[in-house]
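As C-alpha cells, the structure follows; a few thoughts come after it.
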Amino acid sequence: MFISISAGIVTFLLTLVGIPAFIQFYRKAQITGQQMHEDVKQHQAKAGTPTMGGLVFLIASVLVAFFFALFSNQLSNNVGMILFILVLYGLIGFLDDFLKVFRKINEGLNPKQKLALQLLGGVIFYLFYERGGDILSVFGYPVHLGFFYIFFALFWLVGFSNAVNLTDGVDGLASISVVISLSAYGVIAYVQGQMDILLVILAMIGGLLGFFIFNHKPAKVFMGDVGSLALGGMLAAISMALHQEWTLLIIGIVYVFETTSVMMQVSYFKLTGGKRIFRMTPVHHHFELGGLSGKGNPWSEWKVDFFFWGVGLLASLLTLAILYLM
C-alpha cells in the first residue's frame, strides 16, 4: 500500500512541475490552441488555450507505475496490459490532436481511422490479458462467453474510450470524474488484494489531481484526446482486469449519460426532420445553456462540474454498497 501511495505522490509532483513547463513550451512555440464550440458563447474566451496536456500526466503515470511495479515485483500481466491500453489509446489521441493542432485538420482522425486503431488495440489487449476463461461478470454472476468475449472487450474499450472523450468538454469535468471512478476501482482492487492494479490506479489519480490544478475553471490547459481516450480505455481495462465489468455501467454513469445523450439527439434529429431533445449535446452543454430543463438560467461550468461529480460519486458509492454491503 505504501508503494502505491508513493507512486501517486510522485506522479502528482511530476505533473505539477510538468504542466507549467508544457504550457510555457506551447506558448513559446506559438502553437495554435483549442478551438471552441461556436454555440456555447461562454467558451469563446477559451480559444487558443493549450491542449494535449494529457500527454504530461499520461507519461508521468505510465513511467511511475511501470518502474514502481518493476522494483516492487508487481509488474504483472494485468499491469502491463492496463499500461499498454494507456499508451496505445494515448497515441491514438495524440495523433488525433496532432492532426487538429499542427496539420489544421479540424476533424483529426476520421471516425473509421480512429475506430480501426481502437479495435486493433482492443484485439491485442484481449489476446494477452488474463481473462479467467472468458467469463463476463454480470452483477456478480459469471456468464461464460468463450470466444465471444472478444466482442464484448472491443465494445467496452472503444465505447468507454469515446465516452470519456465526449465528457471532456467543461473545465475539470473529465479529470475529476475519472478520479472518482478510479477511486472506486481502487477500493475494489484493495479488497480483492490486487495491489498491482491499485498501484496503477493511484499513479493515475496522482497525475490527474496534479493536472486538475491547471485544468479547473478558468483552465490554463486542456487534456486533449491524448488524455481522454487513454483514460476511457484505462477504465474499461481495469473493470475487466478486476472481473467486475458490470460495475463500469454504474461507476461510469456520467460517461454513459453523456454518450447516450448524443445518440438520442442524433437519432431524434433524423427521425423528426430536425427536432432536438437537448439544446446541445453532449448533455453538459445542454445544462450550460439552460440548466436541467434547457430553458432555465444557464449553469456555470462549476455548477455543471459539481452536478456531474456528485452523480459520479453517488454512483460509485452505490456500486461499492452493492458489492460489499448487500
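Please read every residue number as a count from 1 along the shown chain.
Using the three backbone atoms N, Cα and C, a Cβ is placed for every residue, glycine included.
Copied over from Swiss-Prot, here are the features:
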{"type": "TRANSMEM", "residues": "3-23", "note": "transmembrane segment"}
{"type": "TRANSMEM", "residues": "51-71", "note": "transmembrane segment"}
{"type": "TRANSMEM", "residues": "79-99", "note": "transmembrane segment"}
{"type": "TRANSMEM", "residues": "115-135", "note": "transmembrane segment"}
{"type": "TRANSMEM", "residues": "138-158", "note": "transmembrane segment"}
{"type": "TRANSMEM", "residues": "169-189", "note": "transmembrane segment"}
{"type": "TRANSMEM", "residues": "195-215", "note": "transmembrane segment"}
{"type": "TRANSMEM", "residues": "221-243", "note": "transmembrane segment"}
{"type": "TRANSMEM", "residues": "306-326", "note": "transmembrane segment"}
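In terms of C-beta pairs under 8 Å, the stretch of 3-23, 51-71, 79-99, 195-215, 221-243 lying closest in packing to the transmembrane segment (138-158) is 221-243. The transmembrane segment (169-189) is not in contact with the transmembrane segment (79-99), judged by fewer than 3 CB-CB distances under 8 Å for residue pairs 6 or more apart in sequence. Only pairs six or more apart in sequence are counted, and the transmembrane segment (195-215) with the transmembrane segment (306-326) gives fewer than three Cβ pairs under 8 Å, not enough to call it a contact.
By the Cβ criterion (distance under 8 Å, sequence gap of 6 or more), the transmembrane segment (221-243) is not counted as touching the transmembrane segment (306-326), fewer than 3 such pairs being found.
Distant neighbours of the transmembrane segment (306-326): 139-140, 167, 173, 176-177, 180-181, 183-184, 187-188, 191, 244, 247, 250-254, 257, 284, 287, 299; these residues of the same chain sit at least 6 beyond its ends, with a Cβ under 8 Å from one of its Cβ atoms.
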